[in-house]
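Some notes on the structure that comes next.
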Amino acid sequence: MQTSFDHLADRILAGGDATPADALAVLRADEKDLLHVVAAAGRLRRARFGNTVKVNYLVNLKSGLCPEDCHYCSQALGSRAPILKYNWLSSEEVLEQAGAGLRGGATRVCLVSSGRGPSDRDVDRVAAMAQELKGEQPGVEICACLGLLKDGQAERLRAAGVDAYNHNINTAESHHDTIVSTHSYSDRVDTIEKAAAAGLSPCSGLIAGLGETDEQLVEALFALKALGADSIPVNFLMPFDGTPSERTFELTPIRCVQILAMTRFVCPDTEIRIAGGREMHLRSLQALALHVANSIFLGDYLTSEGQDARADLEMLRDNGFAILGAEAKPAGTATAAHRAQTAHDIAGGTSVAGSAPDPAIRRRGAGTDVPANA
């Protein structure tokens, strides 16, 4: 017997669009209907992406000391979270960190820096890093995430070989001013539009669990669709101690899967990435969520530790997913290296699915002398 979610998938596969009412229905589906929701959304995922999963790797080029006051962010002005703080990594350090992620199975490297936005000198610095990385790894995709862009900066990044630019809208316009006061929603939209106009693939997503309503989640998602985001990272709030969002837990694993499924129904042909908070909030439903989403980050995040990279790859393999681009990697890399379990078990430092809900502060990889979780 077909469910209403099957009928919605049929309509979308026939060329129709999900409406805001459809999105709300998915978001508010009864928990007992979760597998029906996933099965229907999964049809859309497989129609566009098959069983592949894109693996991305973050390199935090500059950590902490940001002048913006985003309430959710451990790097923001006023945050007391005990995160790693450091200035720009050298090109050598960036190549080392990116190489670890690529050897671990990633095909896209995301070069991220804290701050309101880059100076022209910062753009030159990142452009040089991108050129060096492309020289060493010609097939790598590079996404830059440097904050609000000024006129002409996106074009310079594109000319240097950067493929994509990430700048999340984070939440609905109607909710934006409750989470940050130092920049506006329109500032964020302007940067996404600048990136797209320069030929950079626009990557923009949201953070769930910021006190938004169901309607505001839907509002944010349709805004991302209207902006033409090629990739939508869906983050789940990590409530760091020392931030205004500390001790804020509004999400359940089922709720997170419903949010991802809603995103798939509204944006059936878009890369949907399970981003920050995956391990903390999805817990044992991580693999189920990948039947709806088709992209993850490998290993650690900007300031928090993620699941052990070996566990990420084992999860993909055990559930029959194929890592996008893995067929192009030479023998002995990616999953083979992880099966051998050769690297970096850090005692007490690795987050696993189902662990305690407090974010584990990143103490390895970029900005440290400890090997990366990749």
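Numbers run from 1 along the shown chain.
A Cβ is built for glycine as well, from the same backbone N, Cα and C atoms used for every other residue.
Quick caveat, the model's predicted, so the values are computed rather than measured.
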(request) Kindly point out which candidate in R43, R45, R46, R273 is recorded by Swiss-Prot as part of the [2Fe-2S] cluster site with C110, C143, C203. (result) R273
(message) Between 172-200, 230-258, 346-374, I'd like to know which one Swiss-Prot lists as region 'Disordered'.
(response) 346-374
(message) Over the span of the domain 'Radical SAM core' (51-278), how high is the average pLDDT in this prediction?
(response) 97
(request) State which of the following binding-site residues has the fewest other Cβ atoms within 10 Å around its Cβ: C66, C73, C110, C203. (result) C66
(request) Could you list the residues of the same chain, at least six apart in sequence, whose Cβ is under 8 A from the Cβ of C70 ([4Fe-4S] cluster binding site)? (result) A76, N170, I179, V180, T182
(request) Could you find out if DSSP has C203 ([2Fe-2S] cluster binding site) as helix, strand or coil? (result) strand
